[in-house]
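Participant: Sharing a structure with you now.
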Amino acid sequence: MHLQISLLLLFCLNIVHGSDGYFSERYQKQSSIKGPPHFLPFNVKSQGVQMRGEQGPPGPPGPIGPRGQPGPAGKPGFGSPGPQGPPGPLGPPGFSTVGKLGMPGLPGKPGERGLNGEKGEAGPVGLPGARGPQGPPGIPGPAGLSVLGKPGPQGPPGAQGPRGPPGEKGEPGVPGINGQKGEMGFGVPGRPGNRGLPGPQGPQGLPGSAGIGKPGENGLPGQPGMKGDRGLPGARGEAGIPGPQGPPGEPGEVGIGKPGPMGPPGPAGIPGAKGLPGPAGLPGSPGLPGFGKPGLPGMKGHRGPEGPPGFPGPKGDQGPAGVPGELGPAGPQGNMGPQGLKGLPGENGLPGPKGDMGPVGPAGFPGAKGERGLPGLDGKPGYPGEQGLPGPKGHPGLPGQKGDTGHAGHPGLPGPVGPQGVKGVPGINGEPGPRGPSGIPGVRGPIGPPGMPGAPGAKGEAGAPGLPGPAGIVTKGLRGPMGPLGPPGPKGNSGEPGLPGPPGPPGPPGQSTIPEGYVKGESRELSGMSFMKAGANQALTGMPVSAFTVILSKAYPGATVPIKFDKILYNRQQHYDPRTGIFTCRIPGLYYFSYHVHAKGTNVWVALYKNGSPVMYTYDEYQKGYLDQASGSAVIDLMENDQVWLQLPNSESNGLYSSEYVHSSFSGFLFAQI
């Protein structure tokens, strides 16, 4: 700023004292004298040696002077544009002011995909959403719990799709339904093919109506059947005399027998090997919503291919005004700018030193009318004139200092809702979450309709020998002649206990008696014991209370230690300790204990213990695909500080199951005080 003011003062001084050698810009020629930046060449009167001094360091910026009165408007000049001057030096930094908001910039290029963040915590369970469209068939899940469900209605058969291209040679399929007999062809009979592999054993058919057959002739003795299940011990018969063993007879001719009456259904055979996958059946009707047990978390998948860049997002909200940045480094010297407008006349500067005499130049053309000179002395005050027209707008002043921060304005009205943005690129699937709690066992879905018969497959290769077939139906042969009486045999082992008999008829009703001392709504005493009326409490009867009901929140507790039922339903007296799973008697008397457990995965064997000794056992044999239940109850006489708990006697039968929706519980209460 100080340098520019000095240059303007020198320029004005040259105009005043060197008017004889001044020419208009229109007829001015380029001078050979070089000057500092922003120094216009001009002719000088004196002659001397051309010298160029070194540019001194810029002085400190001076104080801002008062703004002068605008001078009178000059006549329009007709000057020719001068030569383009050298670029000026870098000006001082301006004052920092809050600028106006610029136009929003173009959306930036999509950034590179960032690193996967840390796994977040599991969020709260959301509300169930609306039912979505039916998705594609998924991978068969693990076998769920088989529960008897209500069969749904059979869906209509779907339309047959177009015939696909022939696939690769597959494994032998399940034999299809026999098709209709085709028309007689015209061809040479081919060679008989090799015998195919035996097909898988079909499902057991429904028992047919009893036929009326004729007894056929005895057939050849069949192969010895597989060892059957052990039957019930029969009545001991008379011992016969062992006869001599005869020679084996020759096999007779093959007899043609007639089918006899249908015998009773035989025992279930050995389950056959898993058959080949059959053709895909028609999609069944959607079943009831099940609550399946979530599977184990899968392996982390490979990183997918990089997706295409997304669409530009909507315009963001206006951010807060940033803090003015630090002064940047000096930029490169720019190109020469256009000649600026004529500045205001500056104040008279100090007279400069006399310059050296320059060379005499050629005579110039007569110049144009000079500019208006300095104003003369003040004249006599004249009469006030009429109000003139408003003058032209003055030049803008220098930017002022930054004002104080104003008060926060009132919040503006909400703007209009913007247009809906472009749908973003689908995100990448996150890592599988932790395994959730066991769900409610789902109901068994309905059996789907049979699939369409598949095309006959190509001839397969010879397979390995098959497993032995199921046991044949054992038929009773003709009774042979009684042999001679044999010697008495040794005493046999004791047979297994027989099945429990049917329940007996109910007994006659007993006579109701009212003990002496009984009063309705009050407690009574009998043989030194006090009993409490049903529905009465301690406040009415004066009898103390000791009761608890607890639930197991986690499945499969440890064996040979007390089971810790950790979820409390009622334990106001704190006689049950959930940390140890043990109930401690504080009031001597008769207690009633009951427990209800579930079995899943394996058998369950639970026992009720008193002071380290089992009082009663409960055993349940687990059936695959079902959720079994077992329960037990007992009345126990307890003294003070006696302890009662539930425990699994061994680790082999430890299938005790409990979850959020399937509860295993343990209860007890005092009903008579001794």
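Backbone N, Cα and C atoms are what each Cβ position is placed from, and that goes for glycine too.
Worth saying up front: this structure is predicted, and the values here are computed from it rather than measured.
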Participant: Quick check on the record annotations: which of Pro207, Pro279, Pro456 is tagged hydroxyproline by Swiss-Prot?
Facilitator: Pro456
Participant: Look up Pro124, Pro294, Pro359, Pro453 in Swiss-Prot and give me whichever carries the note hydroxyproline.
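Facilitator: Record lookup, Swiss-Prot, feature hydroxyproline, residue Pro453.
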Participant: Let me check the 10 A CB neighbour count of Glu621 (Ca(2+) 1 binding site). How many other CB atoms are there?
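Facilitator: So the number of other Cβ atoms within 10 Å of Glu621 (Ca(2+) 1 binding site) is 13.
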Participant: As a test of the contact definition, list every same-chain residue at least 6 positions from Asp620 (Ca(2+) 1 binding site) whose Cβ is closer than 8 Å to its Cβ.
Facilitator: Val597, Ala599, Asn603, Val604, Trp605, Asp628, Gln629, Ala630
Participant: Given the recorded Ca(2+) 1 site (Asp620, Glu621, Leu627, Asp628), which additional residues of the same chain have their Cβ within 8 Å of the Cβ centre, ordered by sequence?
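Facilitator: Checked against the 8 Å cutoff, the neighbours are His598, Ala599, Lys600, Asn603, Val604, Tyr622, Gln623, Tyr626, Gln629, Ala630, Gly655.
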Participant: What does DSSP give as the helix, strand and coil breakdown of the compositional bias 'Pro residues' (83-92)?
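Facilitator: Split by secondary structure, the compositional bias 'Pro residues' (83-92) comes out as 0 helix, 0 strand, 10 coil.
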Participant: Averaged over the whole of the region 'Nonhelical region (NC1)' (513-674), what is the pLDDT?
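Facilitator: Here the predicted model's pLDDT, averaged over the region 'Nonhelical region (NC1)' (513-674), is 84.
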